[in-house]
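Student: As listed in TrEMBL for this protein:
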type	residues	note
REPEAT	18-58	repeat 'WD'
REPEAT	59-106	repeat 'WD'
REPEAT	107-150	repeat 'WD'
REPEAT	186-212	repeat 'WD'
REPEAT	213-256	repeat 'WD'
REPEAT	257-308	repeat 'WD'
Amino acid sequence: MFDTFCLSSKLLKNFIGHGNYVNSIDCLTFNDDQFICSASSDGTVRVWDVKTSKQIQLFNGHSLPVYCVKFSQYHHYSNHFNVICSSSDDKTIRFWDFKHNKQLQIFNEHTGTVCCIEFSSFSGGKYLCSGSEDKTIRLWDVETSKSLHVFNGHTDIVRCVDISPLQNNNNSNDNKSNSIGMIGGNGYTICSGSWDKTIRIWDIETTKQLIVFNGHEHHINSVKFGSNELVNIILSGSDDKSIRLWDIRSGQQIRLFNGHTSYVCAVEYSPFIVNNNEIGGSSSVICSGSWDNSIRFWDIRSNKKELYVINESNNGYNEILCLKFLQIKKNRKDNNDGGCSINLCYGSINGLIHIWG
């Protein structure tokens, strides 16, 4: 599948409307409809229909640039609402009902820019984590709109956060009462990346800092937990132009990927697998987007040169700020059609959102 992607993929769609940097994107499939939401330095949050490439909603309640946006899994599964959550330079986190075009909750306890947000994989997405210019990470209860805990330890801006993926052996805990220490998040952790050049792991249940990873030489812009067999691996990207992998069990850096010529703004685990003949067996593929106008794919088990590069240099100012994989449903023309294809959605500083596949 990865070979096919490399050989035959191309730019499929552009979403045009933002007037400034596209800082964040997220994707949602609802019944037969697929949506993208986006956050921009133009101060707006927008929703797009993937099939038509049309903008279907615009929210301009933030008073300053918007840095992160997520579809709310909690509202989607618990209340069957299509709700977006966004964070901004105006120090607020806001929730938007995009079907009924209205603003819902506002979280406003951070004292600086809210750079990043992430919903929990456990408890049906009931918990939200946020990182801020005020150097703190907060955990929120979306249902009650309360801040449950403030994690202190970083000495500079918290630029990115992630929450560890769902653990199958912990489903029995999901219905615990929901005060801090009784979240039902036993074993779950928060990962945060900061401009203080460190990545930190925090235990949600005990609220304690567990690990500090040192190694990046500049601001950290993106961190991601792996899933399945990679559940103990952290992926990170930095202004030092590198992508790195970290092992939570050993507390050590295990891979370093060099090749970008400018800041690495976004990293993601891809759905692709490749054969690694040198090591034997198969390897997962990771993906990185950079200020150097390129998106690069890397073999997770090899420190060698990138596997594939999407180069956007020919399209003017197209520095890559965010990316997300999306399985786009096809129109089934025959019984042999697989039904969907893997595509890459990414946003850039020129205000455009692209789908490549």
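Using N, Cα and C of the backbone, Cβ positions are placed for all residues, glycine too.
Give me the local environment of each listed feature.
Tutor: Remote same-chain residues near the repeat 'WD' (18-58) are listed as 64-71, 76, 82, 84, 86-88, 96, 98, 101, 321-324, 326-329, 345-349, 351-353, 355 (criterion: CB distance under 8 Å, separation of at least six residues from the stretch ends).
Across the repeat 'WD' (107-150), mean pLDDT in this model comes to 96.
Here the repeat 'WD' (186-212) has Cβ contacts under 8 Å with residues 120-122, 127, 129, 131, 135, 137, 139, 149, 151, 153-164, 167, 170, 173, 180, 218-225, 234, 236, 238, 246, 248, 251 of the same chain, all six or more residues outside its ends.
Remote same-chain residues near the repeat 'WD' (213-256) are listed as 157, 159-165, 167, 189, 191-195, 197-201, 262-269, 284, 286, 288, 290, 298, 300, 303 (criterion: CB distance under 8 Å, separation of at least six residues from the stretch ends).
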Student: Please list the DSSP helix, strand and coil residue counts for the repeat 'WD' (186-212).
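Tutor: Final tally across the stretch: 0 helix, 16 strand, 11 coil.
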